[in-house]
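Annotation comment: TrEMBL describes Cys100, Cys103, Cys135, Cys137 as [2Fe-2S] cluster 2 binding site. If you look up TrEMBL, you'll see Gln678, Phe709, Arg820, Ala988 marked as Mo-molybdopterin binding site. According to TrEMBL, the substrate binding site annotation covers Phe822. The domain '2Fe-2S ferredoxin-type' annotation in TrEMBL covers 1-78.
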Amino acid sequence: MGSNMYIDLYHVSLYVCVCAVGLTGTKYGCGGGGCGACTVMVSRYDPVEESIHHCAVTACLQPICSLYGAAVVTVEGIGSTRTKLHPVQERIAMAHGSQCGFCTPGMVMSMYTLLRNKPKPSMEDIREALAGNLCRCTGYRPIIDGFKTFCNKEQCCQNGEQRVKCCLENGFTHNLDDNISEELFRVEDFIPLDPTQDLIFPPELILMGKKPDGGQLCFQSERVKWISPALLTDLIQLKAQYTDFPMLVGNATLGAFQSNLKAHSAISFLVTFILSLSLSLSLSLSPLSAGVREVCLNEEFFTGFGKTALRPDEILLAIDIPHSKPWEFISAFRQAQRREFAFSIVNAGMKVVFRDESAVVESLDLYYGGVGPSLVKARNTLLLLYIRLWDESLLAEGIRLLKEEISLSPAAPGGRVEYRKSLILSFFFKFYMQMLLELRQRVLAVTDVPPENLSALTQYRSELPQGHHTFQVNDQSSTDPVGRPRMHQAAFQQATGEAQYYDDIPAVKGELFLSMVTSTRAHAKITSIDASAALAMPGVVTFITAEHVPGQNRRLWFGNIEELFAEEEVICVGQIIGAIVAENRELAKRASCLVTVTYEDVLPVFFTIQEAIEHQSFFEPKRKLERGNVEEGFEQSDHILEGELYMGGQEHFYMETQGLIAVPGEEAGEMELYVATQHAAYTQEVVGLTLGVDSNKITCHVKRLGGGFGGKVMKIASLSAITATAAYRTGRAVRCVLERGDDMLITSGRHPFLGKYKVGYMDDGTILAADITYYSNGGCTLDESSFVTLLHMDNGYKIPHLRGRGFVCRTFLPSYTAFRGFGGPQGLTMIESVLHEVAAKCGLPAHQVREMNMYQSEDSYTHHKQLFSPKDMLRCWSECLEKSDYEQRLLAVQQFNSTNRWRKRGMSIVPMKFGIGFSKGFYNQVAALVNIYKDGSVLVSHGGTEMGQGINTKAIQIASRILNVPMSSIHVKETCTGNVPNAAPSAASFGTDAIKQTLILQYANSLVTVFLCLSTRGPHTGVDWKRSEGTAYYYFTFGACCSEVEIDCLTGDHKNIRTDIVMDVGRSLNPALDIGQVEGGFVQGLGLYTIEELQFSPDGALRTRGPSDYKIPALIDIPRTLNTHLLTNAHNPHAIYSSKGIGEPTVFFGCTIFFAIKEAIAAARRERGLSESFNLSSPATAEKIRLACEDTCTTAAFSVKPEPCKPWAIDI
């Protein structure tokens, strides 16, 4: 760091220090330790054991002062492309486990730390090591494929379906046709792991550790003093002197234990469990001469939220854990948004003591967390269950007493009130069954335990995803790279931390930092803005608002006004009002909090789709598509069914948050932007309008994105314009990097949807007519909301009479925007829900009803009259049925359900027809620039954006084939509006098609030119909405997916057991990249349909603003078996080389998990004599699953009528 470097300890984490010395491989993803992108290895010498301990830590949370005497290793320290790669870096890259690459250094360091501790890890070791690392791109499977090669297994591909068996033992003999392969990489090519070549622990730190303690350490800055005492006496004296100051770290386990107690909250599973252990704590008193006191750790120890009976000057010295008694039993339960790496929604610690050799309760303790501001002990329930037999009457009485004793207000923090009430009772039932089984084993049970009830005691086990993939091998020259599984061209750089993202760019001299000031009201007039307190802070340079914009603060977007800064009125919480510009990042953030905005509330204000319908608040245009005569179809139908389906929104959660660096030019109003955007041309246009200069003076540079998924198309243009305005006003470079919470608040995500349908069908399940109305929550501005959904509404089904109407609701929420799949998942899911409900009403298998309604004719027409052939869709469907062994597994599911009352399984299979390309024809123009140098090397620049999908890799493969030069001689430069103007956004799965078309068509016209500026119009697409017809897409891609799940009917938890995907990608340009996109899209869809839940307050403020509140799929959420097959002998006459785009379609396949869950719930309801028709909205969270599996516990939870009050969260 340098001896003369000033550091403010208040905000100095290890991450800040790592960046200060220019090590940019460690990434900043969330700032809260919730994503793992900033993982590094911290090593310490233990003089007692005389050994070195290695630990993976999140650098963003690790205080630098806590690392005295420790060695820190970042991803740069273990290997590089300039010297030598470490095997961990090489294997994640060569196994195709790095797409956008932003999470890759963190993954590498977690695995590297594991190998330092255990060179031959087990699969379970790997799972635990990576549990805290999130990836939004890959779906995790390729990461595991690379890392599991370190496991201590000989002569095994480690691809088994069972925990203890390899693939050979499970019958995977890999008997494939000659032209079919499942080898995406060669294990034989990997560098062997040699622990002797790892970095040595610094000898000077070992010597330091062996010396007698050097005394107390003190670090101090202007706002913080950090003291590390060497002796207990020193610590006690410090606690007496600084009674209000926290003790952040203690000695080993005791310190961690005290930290948990001091930071106690009602959701702490640890605290709830230890209460049931009847521990005693030994506490030192200050001064030391005052002695020691002992306290019992019970419910009275916790006096309120985050408060305990510990006095400020007390220190925990010892914990007394008593021996358990022969007839004493303890259990703990928890339920969270996911099984690992998530706070509990409700947790419980329970203990029962029986009289010797009997089933009579001598004492009972029930502790609950998550149901009040502090831990709750069910005192009254315990008193009335005392000295009773452990039988069904005790269970019934216990449920009644708990229901009456523990209550929750509808406005209780955290929401989910009915769900939490049901969990209170479900946990008690599980405990009852557990103890009943114990008593039966001791031949003391007073009631039988039916075998089907034992499933209440089964716990889900987290397992690493396994599976296999197949693709077709083309007969071609060995030097032709097209169609081969080539590694991502920047994978090694991403694995070593050398790949540069916008915030890795070194600071420009005089660079400033910008932080946004946003609205705290949903609909209000701005009466005043006071930035005086912020501007008075030393180092704050300026505050900019609408009045400082040199050009246009307002611009038209398809006839709707969009404001850069709110001028007179705010229309959502999170709308940008102004921005603070300061000398450093932390100062800008602190100063922005000091800007005072006063408001005058304006009515109306509403947030939900239903409220928008009531207010008739819609954006124009309203869309409609119709085929046939729907009314006639209803008259001809045997039955009419009406229903609706709600789908919640989704946060992009790209690992790299939005931001840029704006650097003013030397003359003529020039501006250079180094920006994370998917649409550089649009960003250039908006910045030019804002500054009042021509676009030719604005240059956007995009090297790569740390994920995009549609979220970096529109909103980044406004952020860029604001930052450019700051650079223009100050004459200095300005950097803007959104914090994760601000990114989620400001930029929004996927549209919530409500679909209402009326369908006419025959007795055999044939659908004759459907009338579907789609309502999307567009938020406060139009953005790109009008481009979605209706075009996807038929999926692969020929419904003779079909009508769809689309409305974009104008509400007072942040404007929703494009997201991977862009309306496709919502439109496709709505028609799948119709098919699912029709099958249920007819009493037929859902897959049978789907199949009979599919397009069959070779020349078929969509509902918007676009010609296509469904042949490959039907092939995908039949192959998926075969490869998933659907029929046999469906029988196995039914058998499982018949013998398990509290666990149920479900299966679902769906087809897919997905349009590729932009339905707006002007977006399909494409361009590229190719420079061929005298030494034979080639430089390619194109208008696409590399964001993990591998567009640069495929461009190199294509150029290599066209120019007949090796891939190693071709380099792809950054995306730059100065090189390739007016490019379309990298979206709609069209990027590679665009680049491929440009390179090939233009090269055919000029075989000798050494400088090629290539530009061509893409395919003509468009829809005549009045006539309900048009070629909306370039072509269609097809697929089918089958998933199996298991649910816990008592908690709503679920486990994804297996997924099989068959996908038509035409003739794949790169099977490794395409399979990665298929699986990554599916896993993102898995999140959309199951665990990703956005919550808003009744005032319209987003509550879920980080990984602690908003859960994207983690490693444990991936299906235990994930098989992916690329359809063989597939062609695409509409694209050169016959390939197809694949980035977006498979998000929809996540719905197979949703419908499988619905099948499992239906099985539970059927067993209880309940209707199999029930509403289940997406995402199918644990809460919704549990409440849909109605039983005594849920009935009791709903039996108490709540008092009217404002809820904690609303459904938008």
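Each Cβ is built from the backbone N, Cα and C atoms, and glycine gets one as well.
Neighbours of Phe709 (Mo-molybdopterin binding site) among the binding-site residues Cys100, Cys103, Cys135, Cys137, defined as a Cα within 10 Å of its Cα, are Cys137. Of the chain residues outside the [2Fe-2S] cluster 2 site list Cys100, Cys103, Cys135, Cys137, Ser98, Gln99, Gly101, Phe102, Thr104, Arg136, Thr138, Met655, Gly706, Gly707, Gly948 have their Cβ within 8 Å of the site's Cβ mean position. Summarising the environment of Cys135 ([2Fe-2S] cluster 2 binding site), the number of other Cβ atoms within 10 Å of its Cβ, over all protein chains shown, is 31.
Cys100 ([2Fe-2S] cluster 2 binding site) sits 15 Å from Arg820 (Mo-molybdopterin binding site), taking the Cα positions as reference. Neighbour counts were taken at the CB atom with a 10 A radius for the binding-site residues Cys100, Phe709; the maximum falls on Phe709.
In this structure the C-alpha atoms belonging to Phe822 (substrate binding site) and Cys137 ([2Fe-2S] cluster 2 binding site) are separated by 17 Å.
In terms of DSSP helix, strand and coil, the domain '2Fe-2S ferredoxin-type' (1-78) has 17 helix, 21 strand, 40 coil. Counting in whole angstrom, Arg820 (Mo-molybdopterin binding site) lies 11 from Cys137 ([2Fe-2S] cluster 2 binding site) by their C-alpha atoms.
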